[in-house]
């Protein structure tokens with residue numbers, strides 16, 4: 001079936017509606033990114049073939065697996081006291097139970113995306129999912145702290161191998177506006193998994209009961225992982241022959257080591273500073289800078305040698321991608337630190353149980369999940385405006401939360417419910433639309449790598465935000481008590497979200513200037 005001609009007034013997803021009745025023209029210096037009708041073959045898809053009829057079911061499998069891996073970033077936090085009592089884990093081991101997962105997760109994201117692009121996403125997805133399920137069982141069976149730390153490191157590697165394949169499948173399977181809807185659902189999963197981790201962890205601890213109740217925080221992944229594996233074997237599209245065999249593209253192993261070392265060297269002092277900033281190995285940030293300084297020329301040389309670097313820096317020239325990476329990094333620094341400081345405030349400052357603390361933050365999760373699905377539909381029509389509105393809403397909601405907490409209300413959860421709902425709606429309008437815009441013009445053959453870089457930025461941003469907000473929280477706690485600590489640290493999170501808003505506004509203004517310049521050129525050419 002042939003693709004019908006595109007209408008002249010069809011807009012790019014990162015551009016606002018043009019003024020008047022003059023049709024929007026594509027930027028002559030940029031590739032045409034107008035979205036095809038989702039019912040027609042996508043020209044970016046191999047051979048322009050029809051969309052996979054089982055793509056929505058395949059997406060459900062991907063979202064289930066992605067939810068599991070992202071949930072495990074936060075769900076274990078509420079179980080740490082129980083783990084210490086049951087198996088006698090040391091404070092250092094407990095720290096690595098949390099830190100090790102985050103580090104291993106971030107370590108392999110980019111390499112995993114490249115492997116999915118080259119060897120096949122289905123293969124990488126199923127291998128990673130099986131490994132994640134197995135390591136979840138090993139973590140639940142842990143007889144001591146050392147066993148649990150090793151299991152969490154392996155679990156983090158599996159999560160990092162899996163997540164870029166989810167975004168890669170969305171890019172591969174969904175054409176046109178459907179892609180925005182699919183990313184909207186993925187954004188809902190990202191926000192929901194981060195927000196409900198403490199709540200679900202508290203429920204599992206209460207349900208499991210006894211000294212070993214914490215093990216269900218890991219065992220819950222076993223039936224979910226088994227279900228996702230069975231459905232994945234049936235529903236995920238088979239890898240194309242070029243990805244299954246034939247001429248293998250060389251894996252840039254040196255580049256993978258350099259980038260992985262840089263990511264770990266940057267994240268390690270940040271995540272360790274959550275517990276004791278004074279003893280964190282801050283000198284490793286210098287090592288990270290040095291490794292990046294070697295990585296960049298190595299990748300450029302690799303492209304000249306065999307045309308297949310780990311990261312093709314041409315991606316950064318793809319319209320919307322570099323902005324999406326930068327905005328995602330800054331936004332995740334603010335977004336994830338909200339839950340870190342509020343959980344500390346509620347549980348340690350006011351004696352809330354993990355379940356009570358999770359319930360107090362439920363409205364944020366509800367708002368985020370609802371708005372994410374809507375945002376995925378809106379982004380194809382309004383572009384970056386959706387992200388800017390979301391950031392403004394979240395900043396406004398958190399400002400109200402800060403003001404409410406300054407009044408020291410007796411029923412904290414009820415007092416902050418409405419502004420947290422507004423902030424959650426803002427969250428839902430940011431994550432999925434930003435990811436849609438960032439990856440929209442990325443060729444599907446590079447979508448795994450592009451998603452890996454994007455998600456690595458999000459992991460680094462999370463580490464930076466939690467480190468900064470945590471340092472301010474504990475410094476303020478020593479000087480003014482719990483109420484002073486939470487209101488001061490919330491200002492850090494608000495500042496980071498406002499910084500992301502500035503990034504979004506700059507991109508929006510530049511996009512409108514490009515549109516006006518294209519219109520002027522179109523009129524001047526006499527078209």
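Numbering starts at 1 and runs along the chain as it is shown here.
Each residue, glycine too, has its Cβ placed from N, Cα and C.
Automated prediction, rather than curation, is the source of TrEMBL annotations.
Which of 301-322, 411-432 counts as transmembrane segment depends on TrEMBL, and there it is 411-432. Range annotated as transmembrane segment by TrEMBL, chosen from 325-346, 435-456: 325-346. Tertiary proximity for the transmembrane segment (385-405) is limited to same-chain residues at least six positions away from its ends with a CB under 8 Å from its CB atoms, namely 16, 327, 331, 335, 338, 371, 375, 378-379, 412, 415-416, 418-430, 433-434, 437, 483, 486-487, 490-491, 493-494, 497-498, 500-501, 504-505, 508. Note: the stretches the transmembrane segment (485-506) and the transmembrane segment (182-204) are not in contact (fewer than 3 CB pairs below 8 A, sequence gap of 6 or more). Contact between the transmembrane segment (216-233) and the transmembrane segment (278-298) is absent: fewer than three CB pairs lie under 8 Å, with pairs separated by 6 or more positions in sequence.
Long-range Cβ contacts of the transmembrane segment (278-298) within its own chain (Cβ-Cβ under 8 Å, at least 6 residues beyond either end) map to 254-255, 258-259, 261-263, 265-266, 268-270, 272, 313.
Counting C-beta pairs under 8 angstroms (sequence separation of 6 or more), the transmembrane segment (325-346) fails to reach the transmembrane segment (124-143), with fewer than 3 such pairs.
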